[in-house]
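Visitor: The annotation transmembrane segment is assigned in TrEMBL to 21-44, 150-170, 177-195, 201-224, 236-257, 263-282, 349-369, 375-397, 404-423, 429-452, 464-484, 496-513. Residues annotated as domain 'Major facilitator superfamily (MFS) profile' in TrEMBL: 100-518.
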Amino acid sequence: MPTMDDILEHIGEFDFFQKQTFFLLALLSAAFTPIYVGIVFLGFTPDHRCLSPGVAELSRRCGWSLADELNYTVPGPGAMGEAFPRQCRGYEVDWNRSALSCVDPLAGLATNRSHLPLGPCRHGWVYDTRGSSIVTEFNLVCADSWMLDLFQSAVNVGFFIGAVSIGYLADRFGRKLCLLVTILINAASGVLMAVSPNYTWVLIFRLIQGLVSKAGWLIGYILITEFVGLSYRRTVGIVYQVAFTAGLLALAGLAYVLPHWRWLQLTVTLPNVCFLLYYWCIPESPRWLISQNKSAKAMRVIKYIAKKNGKSLPASLQSLRPEEEVDEKLNPSFLDLVRTPQIRKHTLILMYNWFTSSVLYQGLIMHMGLAGSNIYLDFFYSALVEFPAALIIILTIDRIGRRFPWAASNLVAGAACLISVFIPEDLQWLRVTAACLGRMGITMAYEMVCLVNAELYPTFIRNLGVLVCSSLCDIGGIITPFLVYRLTDVWHELPLVVFAVVGLVAGGLVLLLPETKGKALPETIDEAENMQR
């Protein structure tokens, strides 16, 4: 019986239909960016101070900047111990006194500022920002700063639950149906989040977005991988992820133009409404239909693809049946991911590499910090690093293969972290260079794990395999902030040591996987088990 790859060789591996479908799904990939990293702008925490009656008037009279106000009216870190940020307490004095000077207003009240009474911020905070974020609107600072962490954790928890559950549903009920459902829920929850009256509702709708958005992105990746022929599979997989990087650049520009979080949230959500039109543009995956023993429907899709590509389907290729001769369709099970020895090994190594990619990717950004004071330019420049990573993959993956570039990228990321530990602080340019090298390496590893993950599983559990393994990156996203900030309290470079060990181990484990260069996607369990041979 002919395989799907045999048929695509005759009707077009990457002709008009595949190009159109790829463009549509690439838009979906770019639109996922605001949900994955939108916290940078939606939860931006600007400089702020306690709002004390009289300080604003004194500041206007003296012509102070916010930095001057922090200097003159907010206690220094040592005044109340390290347990409280300096913006979370204030001097309990009468700022309306006309005798207060502009140079050092507190000098006339006490010879030593430490003798002045301190108290919590009773009247709110003043923020130094031209726009707004959920932090400034709901005052998620000081004692309530943990609510911002919860906001980001909620979307990662949603990623984790959605990846596993929707991955199963997509393999059970089809890619197209689950893709459209996730788009609809994502659009509705995104709009409702933009108009939510309080933090609780914002958190709920953010969690719902997390439940469906990443699963939808990965289903799109699976779809385009299954629509194209063998020789184009790796390129569309990489460029699909490059579309995500393009979304990063677009998000930086949108956030600059729309500095108010509600308008920004609404703007980045609206494209999802247009994506519902994909119902008429994108058919079900014929590979999935064949795996479910729905040969008649699969043949209709194949003929539709051939017509769109201007090709004819030979009569010899119009007979389809799954290579596993069964009377009933195959139903995916989580046990299928660990039941057989080779697939079990693939699953464990892929799960670890997804976890590693997430921890290093996010952790390096957190540890290096922002290069300057302009959040928009910092975000833009950091996104640019990902383009050469994709270019290197495209230039090497067909010449060398998947396994060695993937292992090398993990090793480079781990080595860069280890080298950074020993670079003196006065050589800042060298530290930044090492950090960028590590960022490029782990970006390559991130793109490679997504590509190879889809190539190691048979069709009927491919979507489930990708989504279950990738759920480990969501766990990594949940723990990375705690890993970075808690270990930094012990020793500033300790997170880099952990990143180095994790990255080097990941590079070694990749070498235990089979090479998938030039191989057809496995259709059955037996084919996946024999890939190593």
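The first residue you see is number 1, and the count goes up from there.
Cβ atoms are placed via backbone N, Cα and C, with glycine included.
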Visitor: Name the range, of those listed as 177-195, 201-224, 236-257, 404-423, that has the largest tally of Cβ pairs under 8 Å with the transmembrane segment (150-170).
Guide: 201-224
Visitor: Quick one: do the transmembrane segment (263-282) and the transmembrane segment (404-423) have at least 3 Cβ pairs under 8 Å, skipping pairs fewer than 6 apart in sequence?
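Guide: Between the transmembrane segment (263-282) and the transmembrane segment (404-423), contact is absent.
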Visitor: Under 8 Å between C-beta atoms and at least six residues away from its ends: which parts of the chain pack against the transmembrane segment (404-423)?
Guide: 353, 356, 360, 364, 389, 392-393, 396-397, 430-431, 434-435, 437-442, 444-445, 448-449, 452, 493, 496-497, 499-508, 510-511
Visitor: If you count every Cβ pair below 8 Å, which range out of 177-195, 201-224, 349-369, 375-397, 464-484 shares the most with the transmembrane segment (429-452)?
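Guide: Comparing 177-195, 201-224, 349-369, 375-397, 464-484: 349-369 has the most Cβ pairs near the transmembrane segment (429-452).
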Visitor: Can the transmembrane segment (201-224) be said to touch the transmembrane segment (375-397) if we require at least 3 CB pairs below 8 Å and skip pairs under 6 apart in sequence?
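Guide: With fewer than 3 qualifying Cβ pairs, these stretches do not touch.
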Visitor: With CB pairs under 8 Å as the measure, which of the listed stretches 177-195, 375-397, 464-484, 496-513 comes out on top against the transmembrane segment (236-257)?
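Guide: By Cβ pairs under 8 Å, 375-397 leads among 177-195, 375-397, 464-484, 496-513.
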